[in-house]
Amino acid sequence: MFTIGLEFSLSSLSRLKRAVFLGGSLQVGLTIGATYLLAVAFNFSAAEAVFLGFLLSLSSTAIVLKLLQDRLEMESPHGQVTLAILIFQDLIVVPMMLLTPMLAGKGAGNPWADLALLAGKIIGVLALVWFGARYIMPRLLFVVAQTRSRELFLLTTIGTCLSVAWLTSTVGLSLALGAFLAGLIISESEYSYEAVSNILPFREIFASFFFVSIGMLLDVRFFLENSVTIVLITLGVMLIKLLLTVGAALALRLPMRSVLLVGLALCQVGEFAFILSKVGLEAGLMQEQHYQYFLAVSILTMSLTPLIMLGAEPFTTFLLRLRLFKTLDQGLRIPTEQLPPEQEQTLNDHLVVMGYGFNGRNLVKAAKYAKVPYVIIETNPITVRQERERGEPILYGDASQEHVLEQAHVEHARVMVVAISDPASSRRIVVALRKMNPNSCIFVRTRYIHEMEELYRLGATEVIPEELEASIEIFSRVLAKYLVPMPEIDKLIGELRAGRYDMLRRRSLTEGEWSSMHVSLADAEMSTFKVSPEGELVGKTLSETEVRQRFGISLLAIRRGGQVLYEMTGDTVIEPNDTLYIFGQPERVQEFARNAD
């Protein structure tokens with residue numbers, strides 16, 4: 001909870017606000033509602049049913065995000081929606097912890113008094129967070145940072161976590177809530193990144209301890225004696241969560257493939273449910289037997305998650321081939337609006353841009369400048385609506401679906417650019433494009449080198465990996481600083497790209513590959529020298545100074561007032577306060593400076 005508070009960012013929340021609040025609230029609300037109805041049908045009390053809904057509505061942030069990162073799917077549409085729903089779940093844990101004692105009847109006996117007490121606690125907590133984030137932590141961390149002691153900074157960070165957690169526990173709130181608030185207080189300071197970097201290694205260690213401790217709570221004998229019941233409940237929980245999460249994701253108007261992937265990613269019970277279940281057990285909302293069932297089912301769902309996400313992509317592809325899911329997809333699909341006739345008439349020998357993020361927008365700007373006809377395909381319905389209002393030729397839909405590509409007239413396109421962040425979707429799109437237009441040029445933007453060969457095999461004409469293009473930009477600027485001629489740098493970059501970056505992808509380079517690249521000026525430097533009014537150079541012409549003959553250096557330019565003189569002759573006179581730009585070996589430059597003074 002402390003690291004969640006540290007990493008909580010209002011800017012990231014704002015960027016995903018629709019998916020966070022709409023998708024997250026629907027997923028949590030639908031799960032609580034469905035669980036309540038089922039639990040009441042099995043003779044649970046209303047309070048127990050609601051609390052059980054709290055538990056089952058949460059998914060595993062740690063496991064799911066780690067798997068998405070490992071699979072390079074964090075920036076994909078389903079990855080972003082999954083992240084948004086997990087953010088909402090992590091935030092909703094806090095009010096769930098506050099409401100749990102009320103559900104158990106641990107209040108003043110009067111519901112209104114309980115609500116008033118809860119409201120008072122919330123106001124007090126918000127005041128504590130605001131005051132600490134505004135006045136206390138910035139000053140405290142500034143004083144600690146001035147000591148330049150990493151150990152003291154780490155101890156202060158951990159001490160803040162423990163202190164706020166203890167403070168919240170003394171007023172009847174949970175330790176986990178206090179840890180979250182402590183992280184939130186530090187996150188609003190300018191030292192939050194340093195705190196995160198110091199704490200993250202501890203998070204991995206303590207997360208391991210946490211999962212080990214959960215395993216120790218499980219009664220193995222109980223699990224073995226009730227294994228059939230536990231497996232059936234596990235399958236039921238995962239199926240219900242899958243269907244309800246799919247329903248929540250559909251409200252965000254995602255393509256059916258992304259909707260199914262979100263549902264498969266979030267169908268387990270999360271680690272914060274364990275913390276909440278302990279609170280409920282102590283409050284009397286769970287019996288020991290039900291607690292053991294919950295532990296067994298939760299651990300089993302979390303254990304199955306890596307396998308489910310490993311097979312999610314092929315399983316989703318299989319489902320979408322079935323007649324039932326095809327019909328469902330077509331029934332729920334947002335109709336792809338036709339382009340206006342005046343825009344559709346230009347779609348011949350045109351450019352198709354798939355993905356309207358940063359790269360897609362820049363490509364469209366270039367196409368406008370060059371007067372190249374183009375059409376855009378985007379999966380974000382809000383972006384499509386906004387750009388339609390601006391007059392952009394943009395279509396909504398999944399670019400791997402042939403009916404969407406037909407609307408973009410890809411069979412008549414000259415160039416098609418895949419500029420999305422989902423590697424799996426990029427591969428499917430390339431296959432569909434090559435099938436519909438065998439002779440077109442297909443450019444694919446990807447993030448990593450290892451994705452290149454597969455995309456070329458599937459039919460991509462050019463694959464542009466971000467990490468290699470970044471490395472080319474870095475080394476070209478470095479070589480420019482060493483005064484390597486720009487034509488030689490451009491020649492090398494052209495050879496690298498023509499060879500599909502093969503030269504950079506090898507661990508070592510032969511001398512012949514770099515034979516035309518010589519950096520022989522490492523012992524020279526460019527310096528500036530300001531002419532003092534009393535210096536011996538004042539009033540002399542350049543030919544009289546004999547800087548090259550006497551000192552072996554070159555005068556490149558003269559800054560005089562607000563102007564820079566590049567075109568100089570031997571008759572150019574040096575004036576007081578001129579700044580001379582000189583080039584040569586360091587010792588020769590120093591000798592010139594001593595004599596000139």
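Any Cβ shown, glycine's included, is placed from N, Cα and C.
Keep in mind that TrEMBL annotations are predicted by a computer and have not been checked by a curator.
What TrEMBL lists as domain 'RCK N-terminal' is 348-465. The average per-residue pLDDT of the prediction over the domain 'RCK N-terminal' (348-465) is 88, rounded to a whole number.
Residues annotated as domain 'RCK C-terminal' in TrEMBL: 514-597.
Proximity of distant same-chain residues to the transmembrane segment (20-44), defined by a Cβ-Cβ separation under 8 Å and at least 6 residues beyond the stretch ends, is recorded for 13, 50, 52-54, 56-57, 81, 84-85, 87-89, 92, 240-241, 244-245, 247-249, 251-252, 266. The transmembrane segment annotation in TrEMBL covers 20-44 (among others).
According to TrEMBL, the transmembrane segment annotation covers 50-68 (among others).
The transmembrane segment annotation in TrEMBL covers 80-100 (among others).
Per TrEMBL, the feature transmembrane segment maps to 112-131 (among others).
Residues annotated as transmembrane segment in TrEMBL: 152-185 (among others).
For 205-224 (among others), the entry in TrEMBL reads transmembrane segment. With a threshold of 8 Å between CB atoms, the same-chain residues lying at least 6 positions outside the transmembrane segment (205-224) that come near it are 62, 230, 271, 274, 292, 295-296, 299.
Residues annotated as transmembrane segment in TrEMBL: 231-252 (among others).
The transmembrane segment annotation in TrEMBL covers 258-281 (among others). Long-range Cβ contacts of the transmembrane segment (258-281) within its own chain (Cβ-Cβ under 8 Å, at least 6 residues beyond either end) map to 1, 27, 51, 54-56, 58-64, 67-68, 76-78, 81-82, 85-86, 89-90, 93, 96-97, 100-101, 104, 174, 176, 207, 210-211, 214, 237-239, 241-243, 245-246, 249-250, 288, 291, 294-295, 297-298, 301-302, 304-305, 308-309, 312-313, 315-316, 319-320, 379, 398.
Counting residues 6+ beyond its ends, the transmembrane segment (293-312) has Cβ neighbours under 8 Å at 55, 60, 63-64, 67-68, 71, 214-215, 217-218, 222-223, 226, 229-231, 233-234, 237-238, 260-261, 264-265, 267-271, 273-274, 277, 286 in the same chain. The annotation transmembrane segment is assigned in TrEMBL to 293-312 (among others).
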